[in-house]
């Protein structure tokens, strides 16, 4: 597996898609209005709840595939594949039924000018069900280290779809046509995945044995899926119910910026994911823990740079992109950036947790959902949007940053929780010191006085200047620690030196 090649391919596709998405969002508001944008964002979030029917099978099946693929156990591979195939065929049917039954509930949640949103909802449901039918291919290919092929098909399919949707919005201003075009990427995946499977995998069509190990792990994973979906989608639902669709549209625009950043960051994650899966499958405990340490330290370094830059340039960017009417209070922006930092920081723990197939902590996601939901509902009554975002921050600190890492250290790495807490606090101190220096330097040089929001060229130029300053300051601070210097060097070798990545079979 060529990590460097896949990294640059994924980065190119991700940035290209993000740029098209930003243009799409802008023209969507200009042509169809912020209420229509809020409606589509709300429906998108609601259909994500249908992903609960996955029951965690995608994660558990991917992990289950590693050893059979590593040792060429075709019987086991066939068993897992047919289990996954049968399961997702049933899920597709269930999604269609639930989508229809949910129509009356939508009428209660959504106040829209007409009933056309029912049609949009059903189209989203059908697209979701078709995507589930294709999951069997994605799971198998990713477990078999075919990340580059999967990203090429899904990435370019989605990129072309977004470009076509952008053109349709500009020239036809039709919300129905925009939604209908969502079928394009589904067709692209079906066309290429099905043919690739036929030509490259000779699995027994007669083996219909249900793999009990996969189903057992999947049942435990459902709680983790529920927590992930609830924490990241409850905010929009609460805003739509207690506030308005317009605020959903404004807030979702900031989430779009955050999502774009996380998508770019996740390029690194996605490329390393299958490689780490094989390392864990081979039982290389020491290697796995060292790799976690390197990734965790790098995540702090990365989140410090990203959040510092966004804090300075989000407002000028939003004004140029959508206008001053879309500006949120500074306190809300800080909380949004905190949640972004938590998303970056928690990835290494979650990656190794699932690669070790540790799903027994089912009470943790339940607790996470309850904390987020209860705190958000209480705070939204008094603080509005600020209260909703604060609820997510609190649940992230208690669960994602503390409880879940403690459990992974004890159950997967066989380490005590104190060693994690020590590493966490050290990195927090380096981050706070970096933020202090960046803020002091930017204020002293009065750089922002020269930043004009009259055009994109000017904004990009000063963003690059400020990024260079932030990067140098944060890099110097983090390199003061010997362990950070070692981690950065090892990650560089891991990505760019093919010999490091060679997996013995």
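Quick reminder: no glycine exception, Cβ is built from N, Cα and C everywhere.
Residues or ranges marked as transmembrane segment in TrEMBL: 46-66 (among others).
Through the fold, the transmembrane segment (87-110) approaches residues 39, 42, 46, 50, 53-55, 57, 117-118, 121-122, 125-126, 128-130, 132-133, 135-136, 237, 240-241, 245 of its own chain, all at least 6 residues removed from its boundaries and within a Cβ separation under 8 Å. Annotation source TrEMBL lists transmembrane segment at 87-110 (among others).
Residues or ranges marked as transmembrane segment in TrEMBL: 116-135 (among others).
Per TrEMBL, the feature transmembrane segment maps to 147-164 (among others). Long-range neighbours of the transmembrane segment (147-164) within the same chain, counting only residues 6 or more positions beyond its ends whose Cβ lies under 8 Å from a Cβ of the stretch, are 1-2, 5-6, 9-10, 13-14, 16-17, 20-21, 24, 138, 141, 181-182, 184-185, 188-189, 192-193, 196, 270-271, 273-274.
Using a Cβ-Cβ cut-off under 8 Å and counting only residues 6 or more beyond its ends in the same chain, the transmembrane segment (170-192) has close neighbours at 27-28, 31-32, 36, 40, 116, 119-120, 123-124, 127, 130-131, 134, 137, 153-154, 156-158, 160-161, 164. Among the features that TrEMBL reports, transmembrane segment is placed at 170-192 (among others).
Feature annotation from TrEMBL assigns transmembrane segment to 226-248 (among others).
Taken from TrEMBL, the feature transmembrane segment applies to 254-277 (among others).
Same-chain neighbours of the transmembrane segment (298-321): 22, 25-26, 253-254, 257, 261, 265, 327, 333-334, 337-338, 340-341, 344-345, 347-348, 427-428, 430-431, 434-435, 438, 442, 448, 451, 453, 455-456, 459, 463, 466-467, 470-471, 474-475, 478, 484, 487-488, 491, counting only residues six or more beyond its ends whose CB sits under 8 Å from a CB of the stretch. The transmembrane segment annotation in TrEMBL covers 298-321 (among others).
The transmembrane segment annotation in TrEMBL covers 327-345 (among others).
Residues or ranges marked as transmembrane segment in TrEMBL: 357-379 (among others).
Here the transmembrane segment (385-403) has long-range neighbours at 231, 235, 238-239, 243, 247, 251, 328-329, 331-332, 335-336, 338-339, 342, 345-346, 364, 367-368, 371-379, 424, meaning same-chain residues at least 6 beyond its ends whose C-beta is under 8 angstroms from one of its own. Residues annotated as transmembrane segment in TrEMBL: 385-403 (among others).
Look at TrEMBL and you will find 459-480 (among others) tagged as transmembrane segment. Residues 297, 300-301, 304-305, 308-309, 312-313, 316-317, 320, 430, 433-434, 437-438, 441-442, 445, 447, 450-453, 488 of the same chain lie 6 or more positions beyond the ends of the transmembrane segment (459-480) yet place their CB under 8 Å from a CB of it.
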Using a cut-off of under 8 Å between C-beta atoms, tell me which stretch among 116-135, 254-277, 357-379 contacts the transmembrane segment (327-345) the most.
254-277
What parts of the chain pack near the transmembrane segment (254-277), using Cβ distances under 8 Å and only residues at least 6 beyond its ends?
1, 3, 6-7, 10-11, 14-15, 17-18, 21-22, 25, 62-63, 66, 142-143, 145, 147, 151, 288, 291, 295, 302, 306, 310, 314, 317-318, 328, 333, 336, 339-340, 343-344, 347, 351-352, 355, 501, 503
Close approaches to the transmembrane segment (116-135) from elsewhere in its chain (Cβ under 8 angstroms; 6 or more beyond its ends):
39-40, 43-44, 46-47, 50-51, 53-54, 58, 84, 88-89, 91-93, 95-96, 99-100, 102-103, 106, 110, 175-176, 179-180, 182-183, 186, 189-190, 193
